[in-house]
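Reviewing the structure listed below.
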Amino acid sequence: MGALVIRGIRNFNLENRAEREISKMKPSVAPRHPSTNSLLREQISLYPEVKGEIARKDNKLLSLLKDVYVDSRDPVPSLQVQAAETCQEPKEFRLPKDHHLDMINTKSIPKGKISITEALSLLNNHKLFPETWTAEKIAQEYQLEQKDVNSLLKYFATFEVEIFPPEDTKAIQSK
């Protein structure tokens with residue numbers, strides 16, 4: 001019973017609504033720039049077959065166009081974006097410690113952070129000279145927090161290659 005009522009409401013004044021939509025003004029093409037018009041006339045005079053190619057409809061492309069679905073959303077107003085940018089507090093930066101590595105294009109590093117090369121070098125320094133490169137000295141040198149340096153030294157290690165000497169055992173001969 002509900003479908004009958006809804007169908008009646010949906011089909012009410014259907015012809016007038018359809019006629020109104022059909023008789024609406026269609027959007028016109030945006031005007032071309034004067035320099036573009038002269039270039040188009042020049043190209044069409046050089047290649048007259050292009051004009052027919054432009055007017056011809058390609059059924060394959062039209063069928064592909066029917067499958068396209070566009071979902072658009074309004075962009076975020078610029079006022080909200082500017083407000084979000086101003087909320088961030090300015091960060092303090094420091095220069096990288098290793099200037100001999102030219103592969104890295106890092107100009108400045110935020111305080112409290114280190115680059116990968118700095119992390120590898122401080123891990124290697126701590127491994128080679130643990131008495132001089134203590135966690136306190138590393139934290140002071142690279143402007144890091146003490147707990148972060150302790151965690152770094154505890155859980156990370158540099159890559160190490162160990163070569164084991166060959167053993168003098170006789171191989172079992174296959175039969």
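Cβ atoms here come from the backbone N, Cα and C positions, even for glycine.
The annotation N-myristoyl glycine is assigned in Swiss-Prot to Gly2. Long-range C-beta contacts of Gly2 (N-myristoyl glycine), restricted to its own chain and to partners at least six residues apart, with a cutoff below 8 Å, are absent. The secondary structure of Gly2 (N-myristoyl glycine), as reduced to three states from DSSP, is helical.
The phosphoserine annotation in Swiss-Prot covers Ser35 and rests on similarity to another entry. Counting only same-chain residues at least 6 apart in sequence, none has a Cβ under 8 Å from the Cβ of Ser35 (phosphoserine).
Secondary structure at Ser35 (phosphoserine), taken from DSSP and collapsed to helix, strand or coil, is helix.
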